[in-house]
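Swiss-Prot lists His462, Gln671, Phe674 with the feature 3',5'-cyclic AMP binding site, giving experimental evidence as the kind of evidence. According to Swiss-Prot, the feature AMP binding site maps to His462, Asp503, Asp620, Asn623, Gln671, Phe674. The Mn(2+) binding site annotation in Swiss-Prot covers Asp503. Feature annotation from Swiss-Prot assigns Mg(2+) binding site to Asp503; the stated evidence is experimental evidence. Residues annotated as compositional bias 'Pro residues' in Swiss-Prot: 58-89. The domain 'PDEase' annotation in Swiss-Prot covers 386-715, and the record cites sequence analysis as its basis. The annotation region 'Disordered' is assigned in Swiss-Prot to 1-107, 343-364, 710-729, 739-809.
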Amino acid sequence: MEAEGSSAPARAGSGEGSDSAGGATLKAPKHLWRHEQHHQYPLRQPQFRLLHPHHHLPPPPPPSPQPQPQCPLQPPPPPPLPPPPPPPGAARGRYASSGATGRVRHRGYSDTERYLYCRAMDRTSYAVETGHRPGLKKSRMSWPSSFQGLRRFDVDNGTSAGRSPLDPMTSPGSGLILQANFVHSQRRESFLYRSDSDYDLSPKSMSRNSSIASDIHGDDLIVTPFAQVLASLRTVRNNFAALTNLQDRAPSKRSPMCNQPSINKATITEEAYQKLASETLEELDWCLDQLETLQTRHSVSEMASNKFKRMLNRELTHLSEMSRSGNQVSEFISNTFLDKQHEVEIPSPTQKEKEKKKRPMSQISGVKKLMHSSSLTNSSIPRFGVKTEQEDVLAKELEDVNKWGLHVFRIAELSGNRPLTVIMHTIFQERDLLKTFKIPVDTLITYLMTLEDHYHADVAYHNNIHAADVVQSTHVLLSTPALEAVFTDLEILAAIFASAIHDVDHPGVSNQFLINTNSELALMYNDSSVLENHHLAVGFKLLQEENCDIFQNLTKKQRQSLRKMVIDIVLATDMSKHMNLLADLKTMVETKKVTSSGVLLLDNYSDRIQVLQNMVHCADLSNPTKPLQLYRQWTDRIMEEFFRQGDRERERGMEISPMCDKHNASVEKSQVGFIDYIVHPLWETWADLVHPDAQDILDTLEDNREWYQSTIPQSPSPAPDDPEEGRQGQTEKFQFELTLEEDGESDTEKDSGSQVEEDTSCSDSKTLCTQDSESTEIPLDEQVEEEAVGEEEESQPEACVIDDRSPDT
């Protein structure tokens, strides 16, 4: 950690008031703050500094020497720098909007924090030196540069009665200690850290007091409104204590945590006193303004969700004005990830479809009758669950099952296209889940093979290989050092099982396509997360097949808890819920950062499931974070799936969904936009949660973005020759409104001045233009309609999907 503090003096000339060893001066004018915001992708340069909490006041005399603690939390303070004279207008104003970003600086650490830190360091040292991982048979070295040899993560393993509502008797650690983010190299920040104001490249105003709101997170910027309110209120409290000479009273949990001499009115000038009082009042007024906008029926995280959507709309509007391809990428991202309400004209069904839709909906479509159990016995089960002539080569590949970037396509080749069965079986063995939950190995293999058979081999992206990739990615994320011993075995089982079933029976089209075509599934699930609901129904229904109930030995309470968790996790893979999910996680992380403890307790179901939901969501959106060779293969597959949907839409006379028209789609630009506006903000937030364990993942993500950026053609793509095919590109540029309605319908955003119909299907589903799209697209109707258009195949049941047809038998 010494290296992290060495860069503290580097900010002397950054335009911000420099800090002395004992105090701080007023900040420079707003136009000098975070000058790097003028770059399209600002560079984040957090610093480790110690500031006096009452930074408006002159620094106190240096304290008497204190004995060094056995396990210090911070490096020695940097040498004092002469503060520059405050320029005119340097007085800081309160937040002008909820888009203001607050800077949180170090103040010191309490005895409790030092104890927790030292305790965690002891456990971390043991884990690093021995490779020990509770619940895992092998040492996990999945984080080579972020984990090995470093002692910078911390998980408190103290007991907490009833901490997990799912399994209070076996719930492990009591929380996750959020670490300060010291970036080893300059990295781009996501658009979330830009100004939340139109045509203003620098933050409107950083709360003058938010910079002292946290003891642990030195220069971390806070961008979620609720966390900013908390930071400001903590500053108001500290200033009030200074103004009223109340800081000598018994300290509370909200008191400044560093030992500082008492400050009373006599120690400062009357001018400084009045200035501090005025700024405190302004800060309090800003907090009141923010709280007055809250609505009782909405959560505080919706403040962040509305803000992020407003900022994304502004970014997409700018992108759409640059070129036709930029307009298409903007429309795709908006339709897919902003959960818009679509007004569409539903086409009339064909006669054949009418006949099929007369059948009852009492059965779950897509479930096939398969017999895998008859040939399986405990003595005949192969080493990896499937028979293969290349078992030794497969074993070599599976040695990387605990590492980020497993070559899942190679696993599929070596296993006879059974990657899901092989990887799930290996992970269950690694984590000893078979023994923990008394799962018969033949039952596990039977279920896995049955589940894998219900993924469609003719779907380019949403198939069994994608499911295996998400399972393995979730497995690695669960093993991240920061989350060690945080989740129970039942929660781990739920996350892995949810990853395995999250796209089962996916037909290769989006949710919106199913809605637009008036599919049976859309009717059954009321147009709400159509595919995600179907994936859950099929995944649980298959447990009822012969010798497939892998949860047969769980208690009733365990089964109920697991089912609830799996449902919550899979429904969260609906890409239209992305911004809400991101806002919830970022609000939770930043709220804990600005509190005195900085500890994320995860002591209730809501917080714990939120982390698991985001974990699987990250795994589902992990393609751009994998090695470029794998990422490019996934990109080719998702684009092939998109183009197939576009061809079906063209045949039906429907408007072609964004990024689904093979004649004018910009693949490279779509990947860059997808990373900038969706993947990077998500992984950036996850990296904050588990810092520093995901730094290598962010590095790979940035490298991949730069590669795709370098491949974008310099000249604009020519207009298509066929006016029929190019009609979508000839429409007006897609525009996005810059403000959201305050009536609570935060997810509903109307397009201003644009004729673009958002009914296009490619959007609302998990169709990530670049990488793994999520379980949002299921083209039931499409396949049905395709059948009607094709030759007479009524006698052939399609194992393919959930359609209005009867299940295969």
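Heads up, the Cβ atoms here are built off N, Cα and C, so glycines get one too.
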### Task
Take every residue in the domain 'PDEase' (386-715), average their pLDDT values, and give the whole-number result.
94
### Query
Given the binding-site residues His462, Gln671, Phe674, which one's Cα is the least distant from that of Asp620 (AMP binding site)?
His462
### Task
Quick one: pull the CA-CA distance for Asn623 (AMP binding site) versus Phe674 (3',5'-cyclic AMP binding site), whole Å only.
11
### Summary
Taking only the CA atoms, the spacing between Asp503 (AMP binding site) and Phe674 (3',5'-cyclic AMP binding site), expressed in whole angstrom, is 21
### Task
Around the Cβ of Phe674 (3',5'-cyclic AMP binding site), how many other Cβ atoms lie within 10 Å? Please give the count over every shown protein chain.
29
### Message
Max CA to CA distance in Å over the 3',5'-cyclic AMP-binding set His462, Gln671, Phe674?
### Response
18
### Message
Most Cβ neighbours within 10 Å: which of the binding-site residues Asp503, Asp620 is it?
### Response
Asp503
#### Entry: DSSP-derived class (H/G/I helix, E/B strand, else coil) of Phe674 (3',5'-cyclic AMP binding site)
helix
### Summary
Row His462 (3',5'-cyclic AMP binding site), column other C-beta within 10 angstroms, all chains, value 34
### Query
Just how many other Cβ atoms lie inside 10 Å of the Cβ on Gln671 (3',5'-cyclic AMP binding site)?
30
### Task
Using DSSP reduced to three states, classify Asp503 (AMP binding site) as helix, strand or coil.
coil
### Query
Per DSSP, Asn623 (AMP binding site) is which: helix, strand or coil?
helix
